[in-house]
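Features as listed in Swiss-Prot:
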- 58-68: motif ''HIGH' region' (MOTIF)
- Glu563: L-isoleucyl-5'-AMP binding site (BINDING)
- 604-608: motif ''KMSKS' region' (MOTIF)
- Lys607: ATP binding site (BINDING)
- Cys907, Cys910, Cys927, Cys930: Zn(2+) binding site (BINDING)
Amino acid sequence: MSDYKSTLNLPETGFPMRGDLAKREPGMLARWTDDDLYGIIRAAKKGKKTFILHDGPPYANGSIHIGHSVNKILKDIIVKSKGLSGFDSPYVPGWDCHGLPIELKVEQEFGKPGEKFTAAEFRAKCREYAATQVDGQRKDFIRLGVLGDWSHPYLTMDFKTEANIIRALGRIIKNGHLHKGAKPVHWCVDCRSALAEAEVEYYDKTSPSIDVAFRAVDQDAVKAKFGLPGVSGPVSLVIWTTTPWTLPANRAISLAPDFDYALVQIDGQAVILAKDLVESVMQRIGAAEYTILGTVKGAELELLRFTHPFMGFDVPAILGDHVTLDAGTGAVHTAPGHGPDDYVIGQKYGLETANPVGPDGAYLPGTYPTLDGVNVFKANDIVIELLKEKGALLHVEKMQHSYPCCWRHKTPIIFRATPQWFVSMDKEGLRQQSLKEIKGVQWIPDWGQARIESMVANRPDWCISRQRTWGVPMSLFVHKETQELLPIERTLAAMEEVAKRVEVDGIQAWWDLDPKEILGEDADQYEKVPDTLDVWFDSGSTSYSVVDARPEFAGHAADMYLEGSDQHRGWFMSSLMISVAMKGKAPYRQVLTHGFTVDGQGRKMSKSIGNTVSPQDVMNKLGADILRLWVASTDYTGEMAVSDEILKRAADSYRRIRNTARFLLANLNGFNPATDMVKPEEMVVLDRWAVGCAKTAQQEILKAYEAYDFHEVVQRLMRFCSVEMGSFYLDIIKDRQYTAKADSVARRSCQTALYHIAEALVRWMAPIMSFTADEIWGYLLGEREKYVFTGEWYDGLFGLEENEEFNDAFWDDVRYIKDQINKELENQKANGIKSNLEAKVTLKYADDANGTIKKLKLLGEEVRFIFITSQFVISEQAGGIDDENIQYNAGNTTVQAVVTRAEGDKCPRCWHYTTDVGKVAEHADICGRCVSNIAGNGEQRKFA
């Protein structure tokens, strides 16, 4: 017997079966860097329509975690897919470099500013620390395969950016949005600084819950309001609070104007509280017997005065819309220095904004003898004892409730009125204009719109001043006596002068500045404001300080901001506020948010639980492309689950896609697209169907990329590789590829299809599996650019026409019939028919057969290649189908498949069973078809 292996067209490629990504990817990255791939892409896309995804700056502190990876990979997928869609999509990564976390790190190592180092030296240490953090994070982001201008990122501590942040504040001042006030702000006593909304987290805390009686100053006047002069005992208004430490700052009691308030007689006294809460309050204070003497509307009690239980002054009853019946007594303890609602109502009534608490959280001297110098959280017990002594405490109990805490220290914070600078939400219509602008933005997912609308509608003025060392200075001058801001025109001119100096020397230029250099003779009357800007102002102003300033953005506004869902109250909010305050318009056209990462059981990532997934570990074990594929295949609109098992599934999907690509490349062995391409009209019908299948898949994949629906991209890609190609087309063509004459139309037609499919597939993969796409690109044939990322989606696909006889609908039916026959072939393994090629299939049909069955007959001898059997007979069954073997419906036609053993002998070359093996003397071992392919003109294929 001759060895016919050398006569076969066996697949061959240098593209490895195993990805071995962890080892190969670093080498590819080195080539990308050496070639300046990002620069090559920018040059290739020059002059195209722009798409700008503006990078929200991560904080320059610590190693990147899995959430960072999700964020950067999603951005990279979008930027690369936009490039393939014909856009010039520059990506400039950034970092947030000022602020408290960096200060704390430097303090831990070197001490507080002014101890071992001057403030100037401390800032230099902070700058140095931030730079090292940026370098560390940058290496990891690059390792993820994220393409961007990593050599020229933006840092909020860049001198030019710092200067532009000052200029942004100047524009906001010019537009009338800045004001100064002693308003209550979130205050962390550990940071000794105000906190932004986005720096506040909520945790459960146990606090004392107390009911306190404020005795009426004019008892008769209060009784008269209820028309009950003969009430027994004193009358008091009862408040409820969970922050007893704020009582020294109480300046009023708020009532709802339309609620009914009851005068209730209990043991030897009468108390006033909301009628609807009488029963719950009486149960709470243990009053088994009580009588409601009368009721009046809250409005009737306005401006009646009540004695503070221990502070020695009286306070008014006032009316406010913030009073509810959800809990308490319906009478709200009001301390304008310790709460935003209290402050607003206090302004309306001209109340004092009292703040008896220092920056360290201790009462200031002169507050109250037993409270002076005591930390407010330790003062609750002292206040409760005071109330007991004064006979004003009706009830005390412990309750657990959600309480605001510092994001950095995880410790409870307080509201504390301090002199601060604010961006006003309403003075110049910032709130209304922002709400208007929100409606013009596309929010993805769409629930993001309602979320940020609610936040903007309800947020207080934005406190932008901080009492920190490492931050952009506000660069303002105020009068030493009046504390009034330098006149507006002079303020703006002075700020520009400061900005010019900062542009050269950084923020230290402000602290080194002698006011005389700018203010001249007036310097004696004015002093520099020592405050720095909230870091959310730094990052929030990047639409101006970065996007407007970078030449590659060419004056275009950002098309997209993309961050985690917590940024509605963070970067999306601050960016919106600043852009609208400066320019009257939103800084973005689209805002996309992704969920947080959780483990396989849906639990939050936590080092203490030990369920964190390190992106560095994943890249070192599996490779970045597996991490990228996991991100793309996960629905980012909700929580994103990740675990070793989930990543293993991503690796399995990756292998299926890689194997498909390898099959395509291996079977393009010996194909030259310049000389061997077959014209579409001359191709085998099945090959044209396969190219058309790729065309349909491409339309759906591009639509999904356009909608940022990346898990749909992956699902469609998998369906194409596994179902349409792997289990149908690629399986069928193996016989033709391997056994047909090497340069026959039958084989070249197939290779033409594989070439077109490979050209499309590598581009679909590129935004997601960037390393693997680059690797495949290097093995593709024909003249091409060096990198897949510089081109666009493949435009050489075509398909079958709908009016053709063997159109897509026909092949859909064929795939269905093939699936059913494969099930029967599987069943026959028990009867000794071990492989499809050992089988003969007889397809019987009734005389009412539909067009698909009749068309199958037209395929003649080629039909067996579709079903991968040695023989395939289609036979009309007179009198209908019996119930023997398998029956199923194919397009309203009942057909029956009968599987028997194939006739003849096995050909050692093609492995088909046939009755003509050995009929040609010169090739006595093989079948006639193989003889033709070796020594003759080669078999002709028209359909399959």
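Glycine residues also receive a Cβ, built from the backbone N, Cα and C atoms like all the rest.
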Fewest Cβ neighbours within 10 Å, where candidates are the binding-site residues Cys907, Cys910, Cys927, Cys930: Cys910
Separation of alpha carbons, Lys607 (ATP binding site) and Glu563 (L-isoleucyl-5'-AMP binding site) (Å): 23
Structural state census, the motif ''HIGH' region' (58-68) (DSSP three-state): 3 helix, 1 strand, 7 coil
Rounded Cα separation (Å) that holds between Lys607 (ATP binding site) and Cys930 (Zn(2+) binding site): 65
For Cys930 (Zn(2+) binding site): DSSP state (helix, strand, coil): helix
Intrachain neighbours beyond the motif ''HIGH' region' (58-68), with Cβ under 8 angstroms and 6 or more residues off its ends: 95-97, 99, 101-102, 105, 130-131, 133-134, 136-137, 140-141, 155, 564, 596-597, 605, 612-616, 642
Remaining residues near the recorded Zn(2+) site, that is with C-beta within 8 Å of the centroid of the site residues Cys907, Cys910, Cys927, Cys930: Thr739, Pro908, Arg909, Trp911, His912, Thr914, Val917, Ile926, Gly928, Arg929, Val931
Densest Cβ neighbourhood among Glu563, Lys607 (binding-site residues), 10 Å radius: Glu563
Per-state residue totals over the motif ''KMSKS' region' (604-608) - DSSP helix, strand, coil: 0 helix, 1 strand, 4 coil
DSSP three-state assignment for Glu563 (L-isoleucyl-5'-AMP binding site): strand
